[in-house]
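Asks: Dumping the structure here so I can ask a few things about it.
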Amino acid sequence: MNLLIQGGRVIDPSQGIDEVLDILVENGAVKELGKGVKAPSGTETIDASGLIVTPGLIDMHVHLRDPGHEYKEDIVSGTKAAAAGGFTSVACMPNTKPVNDNKAVTSYIIAKAKAEGSVNVFPVGSITQGSKGELLSEMGELKESGCVAVSDDGHPVTNSELMRRALEYAKGMGIMVISHAEDLSLVGAGVMNEGFVSTELGLKGIPWAAEDAATARDVYLAEFTDSPLHIAHVSTKGSLRIIRNAKARGVKVTCETAPHYFSLTDDAVRGYDTNAKMNPPLRTADDVTAVKEALKDGTIDAIATDHAPHHIDEKDLEFNEALNGIVGLETSLTLSLRLVEEGVLTLPVLVDKMACNPAKILGIDRGTLKPGSVADITVIDPKATWTVDADKLASKSKNSPFLGWEVKGAAAFTIVGGKVVYKR
């Protein structure tokens with residue numbers, strides 16, 4: 001099927017493009033970019049006047065819960081949520097049941113996504129077998145099977161020697177290590193950020209030092225082994241300072257943050273709202289300011305959701321008992337566009353952090369609109385206003401702290417391999 005996207009503001013940082021152009025798609029690939037592009041007869045046309053056209057957005061950190069926890073989410077519902085949020089590709093974390101530490105699980109995910117998914121799914125394998133932090137997974141097998149990275153997300157590797165070896169082996173295999181940087185001995189029984197609000201609410205806190213200490217360890221190990229390292233969901237000003245300094249020294253470290261870390265503070269926990277409970281926890285206003293500064297100065301390379309669906313029975317509990325995590329695929333774009341309105345980022349820089357950089361970090365052939373590239377394209381309506389409504393979310397789970405928010409900006413069309421998979 002051929003497709004012509006006409007008259008949109010095309011933003012493609014991979015080519016330094018930011019101008020009104022047409023895009024012709026043929027046989028699932030970008031054929032031509034230009035003004036007044038002529039299309040063959042019978043070509044479907046999208047009028048993108050007043051809209052923004054970008055390389056397909058990539059969320060490099062989601063939990064699809066499939067296999068094993070399909071009552072929370074599965075590949076079908078999760079990829080529908082991704083498409084509705086403007087994402088053409090997602091990278092899914094390995095904390096499934098069974099854990100994705102082998103070829104069989106990876107192959108299952110890829111096959112199901114190809115057969116039933118709405119968007120591209122790139123599996124992330126586990127660093128250690130069963131994510132138990134004891135024995136390294138067969139990283140070569142995982143990469144050959146289709147994994148684009150390895151991570152023990154949600155279960156940080158506490159053994160420093162093991163983490164060192166993981167970085168060394170991953171470097172040799174040419175696969176990225178994604179670190180969930182938290183010192184679990186400092187996290188303890190904490191359920192929110194340690195500070196004034198936790199004291200006021202009588203909830204046990206998690207100190208910023210838990211993230212900072214683990215970030216420092218992993219950055220130094222990456223420096224020692226001269227290995228690439230990606231730090232997931234950065235939330236503290238201290239960890240950002242560590243990463244910024246490491247980059248200045250030439251350490252091969254990249255990092256991401258999530259929209260909730262620049263949109264909310266730990267004040268959101270007041271009222272004991274379990275939809276404001278996640279890991280790492282929401283931090284202070286100073287941390288939010290630091291996250292925005294790090295997005296602006298390039299310390300933070302990518303925006304990823306850490307989409308973590310949970311059934312209502314796992315969230316509608318006392319705060320201490322509720323599970324960590326929130327859904328984010330369908331609110332990420334609109335929350336991130338607020339950074340442009342606030343003057344934190346320009347649109348091209350935002351696209352870089354939501355499409356181009358995730359592709360580079362994961363080493364996948366996406367994140368560009370160059371002729372010949374796969375036609376994964378996001379068309380954004382920056383003026384669309386809507387309310388975050390649980391009943392309208394495509395995700396099976398509704399655990400979002402943004403329910404009821406009046407927001408601006410949304411995906412108008414999501415195009416995967418030249419096929420429209422979502423239309424607003």
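Backbone N, Cα and C define each Cβ position, glycine as well.
Not my notes, these are from Swiss-Prot:
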| type | residues | note |
| --- | --- | --- |
| BINDING | His61, His63, Asp153, Asp306 | Zn(2+) 1 binding site |
| BINDING | His63, Leu64, Arg65, Asn95, Asn279, His310 | substrate binding site |
| BINDING | Asp153, His180, His233 | Zn(2+) 2 binding site |
| ACT_SITE | Asp306 | active site |
Asks: Do me a favour and check the Cα-Cα span between Asp153 (Zn(2+) 1 binding site) and His180 (Zn(2+) 2 binding site); whole Å is fine.
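Replies: Between the Cα atoms of Asp153 (Zn(2+) 1 binding site) and His180 (Zn(2+) 2 binding site), the distance comes to 5 Å.
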Asks: Would you kindly give the Cα-Cα distance separating His233 (Zn(2+) 2 binding site) and Asn279 (substrate binding site), rounded to the nearest Å?
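Replies: Given the Cα positions, Asn279 (substrate binding site) is 9 Å from His233 (Zn(2+) 2 binding site).
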Asks: Around the C-beta of His63 (Zn(2+) 1 binding site), how many further C-beta atoms are within 10 angstroms, looking at every protein chain?
Replies: 25
Asks: Among all protein chains shown, how many Cβ atoms are found within 10 Å of the Cβ of His310 (substrate binding site), not counting that one?
Replies: 27
Asks: Report, in whole Å, the straight Cα-to-Cα distance of Asp306 (Zn(2+) 1 binding site) from His233 (Zn(2+) 2 binding site).
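Replies: Their Cα atoms are separated by 7 Å.
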Asks: Setting Asp153, His180, His233 aside, what same-chain residues sit with their Cβ within 8 Å of the center of the Cβ atoms that define the Zn(2+) 2 site, listed in sequence order?
Replies: His61, Met93, Ser151, Gly154, Pro156, Ile178, Ser179, Ala181, Glu182, Ala232, Asn279, Asp306
Asks: Sorry to bug you, but what's the C-alpha spacing from Asp306 (Zn(2+) 1 binding site) to Arg65 (substrate binding site), rounded to the closest Å?
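Replies: That comes out at 12 Å between the alpha carbons.
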Asks: Taking 10 A as the limit, how many CB atoms besides its own sit near the CB of Asn95 (substrate binding site)?
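Replies: A count of 21.
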Asks: Cβ within 8 angstroms of the Cβ centroid of His61, His63, Asp153, Asp306: which residues besides those meet this for the Zn(2+) 1 site?
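Replies: Filtered neighbour residues, in order: Val62, Met93, Gly154, Ala232, His233, Ala304, Thr305, His307, Ala308.
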Asks: Please find which two of His63, Leu64, Arg65, Asn95, Asn279, His310 have the most distant C-alpha atoms, given that the record lists them as binding substrate, and give only that distance in angstrom, rounded to a whole number.
Replies: 17
Asks: Between His310 (substrate binding site) and His180 (Zn(2+) 2 binding site), find the distance joining the two CA atoms and give it rounded to the nearest Å.
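Replies: Between the Cα atoms of His310 (substrate binding site) and His180 (Zn(2+) 2 binding site), the distance comes to 19 Å.
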Asks: Quick one: Cα separation, Asp306 (Zn(2+) 1 binding site) versus Asn95 (substrate binding site), in Å?
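Replies: Pair distance, Cα basis, whole Å: 12 Å.
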